[in-house]
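The structure appears below as structure tokens.
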Amino acid sequence: ATFFLLSWTHCWSLPLPYGDDDDDDLSEEDLEFAEHYLKSYYHPVTLAGILKKSTVTSTVDRLREMQSFFGLDVTGKLDDPTLDIMRKPRCGVPDVGVYNVFPRTLKWSQTNLTYRIVNYTPDISHSEVEKAFRKAFKVWSDVTPLNFTRIHDGTADIMISFGTKEHGDFYPFDGPSGLLAHAFPPGPNLGGDAHFDDDETWTSSSKGYNLFIVAAHELGHSLGLDHSKDPGALMFPIYTYTGKSHFMLPDDDVQGIQSLYGPGDEDPNPKHPKTPEKCDPALSLDAITSLRGETMIFKDRFFWRLHPQQVEPELFLTKSFWPELPNHVDAAYEHPSRDLMFIFRGRKFWALNGYDIMEGYPRKISDLGFPKEVKRLSAAVHFEDTGKTLFFSGNHVWSYDDANQTMDKDYPRLIEEEFPGIGDKVDAVYEKNGYIYFFNGPIQFEYSIWSNRIVRVMPTNSLLWC
């Protein structure tokens, strides 16, 4: 591992390919950045590899592995979606390849482990730092037989420190953003140690980088876990702020850590969140909307992003794009002429322009004219040609007039009367090419606006190419 840093500019024989449509958009800086990223996180060249004369993985192979890891279209070309992922702040541990200077073991042989906070970041108080690490260790001790004890001097199993740039382990940090932290797997010397880049702004909130979230991830590495391909997992390599509410370790991480250490005596949170499977025959959806030519499909803490030119839908945590939004979405719709997407949860709604929440939001749904009895919406769809927006709640539908900014008279109406045959509730809805697509559990109805009737009934998951 010592010498993979020496190879940045010398061990590459193949140029990095890029998408044909992106020729004019990619700068030399983009290409250099992408090569550095791939060398760092996909089969980094190590001293052991050099001594053994191991075959150097080509740039294209690394790029394909990276695209596969993140669920992107595996094109072997450097396109915009690939660069977008590369630019996100992340853990410094490779996704594919060895990250260690000394021999590693798969797990700790003992269940009673010690940790020591060697130094502190100036960004938050000492007590906040200590609380963040205490909570982070508890994430793992809650689901395993592991016990963690803090010591204040001497050498602990897990030594925790903050540093900048080159900080003594041959894996230098890179300044603000980019690489946030790294940790070593169980083993002697550096084994188990976790290092945090003090050029980042560490916080106890959604601002900067939340120390608890990053610490919990890094300690997963300290205990023997590699990165997960599951975008909902704590061990997914990209940083995402998960919200103020009580953190629950996702099921993927529970399965991983218990495969090493077994379960604990009593799990305080037996229901761990799972990542939705797009081809689940029982799949139901929370909300659907278009956004600048793409389709956004919300389910639990996630959304799938469907691009017309891409085969595979991409799955993301909602908070990875909009940290200030709630984890779950009730309804959503796009207003193309205003370049806005509206998101609803409970009695609140947000207006978004791309990644940005508009000033003055969230607002209350009562501002739109809903009575206080309406506590949440189940679906919404906007019609650009008429300026009308339909809102669904319970077994009723409302019609909102954009021009007058009021609800239309004679509403609400019963869903079954307004759209015969689709049932008395709607989970999600969107409009395309003169058809309205209503989703109710695992079934979707294609409804013709012109003939006022259902023309097709399909599985919900067919929207995701299943």
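Even glycines carry a Cβ here, placed using N, Cα and C.
So that you can see what the record holds, here are the features copied from Swiss-Prot:
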BINDING   Cys91, His217, His221, His227, Met235  Zn(2+) 2 binding site
BINDING   Asp123, Asp198, Glu200  Ca(2+) 1 binding site
BINDING   Asp157, Asn189, Gly191, Asp193  Ca(2+) 2 binding site
BINDING   His167, Asp169, His182, His195  Zn(2+) 1 binding site
BINDING   Asp174, Gly175, Ser177, Leu179, Asp197, Glu200  Ca(2+) 3 binding site
BINDING   Asp286, Asp330, Ser378, Asp427  Ca(2+) 4 binding site
BINDING   Ile288, Ala332, Ala380, Val429  Ca(2+) 5 binding site
DISULFID  Cys279-Cys466  disulfide bond
MOD_RES   Tyr361  phosphotyrosine
REPEAT    326-372  repeat 'Hemopexin 2'
Environment of Asp174, Gly175, Ser177, Leu179, Asp197, Glu200, the listed Ca(2+) 3 site - residues of the same chain whose CB lies within 8 A of the CB centroid: Pro89, Phe173, Pro176, Gly178, Leu180, Asp199
CB contacts for His227 (Zn(2+) 2 binding site) [other CB atoms within 10 A, all chains]: 22
DSSP-assigned states of the repeat 'Hemopexin 2' (326-372) in counts, ordered helix, strand, coil: 7 helix, 21 strand, 19 coil
Env. residues of Zn(2+) 1 site, Cβ within 8 Å of mean position of His167, Asp169, His182, His195 Cβ: Gly92, Ser161, Gly163, Gly168, Tyr171, Pro172, Phe173, Asp193
Spatial neighbour of His217 (Zn(2+) 2 binding site) that is closest, considering only the binding-site residues Asp157, Asn189, Asp193 and their CA atoms: Asp193
Asp286 (Ca(2+) 4 binding site), number of other Cβ atoms within 10 Å: 23
Fewest-neighbour residue among binding-site residues, criterion Cβ within 10 Å, set Gly175, Gly191: Gly175
Secondary structure at Asp169 (Zn(2+) 1 binding site), reduced by DSSP to three states: coil
Listed binding-site residues among Asp123, Glu200, Met235, Asp286 whose Cα sits within 10 Å of Leu179 (Ca(2+) 3 binding site): Glu200
Entry from the binding-site residues list Ser177, Asn189, Ser378 having the most other CB atoms no farther than 10 A: Ser378
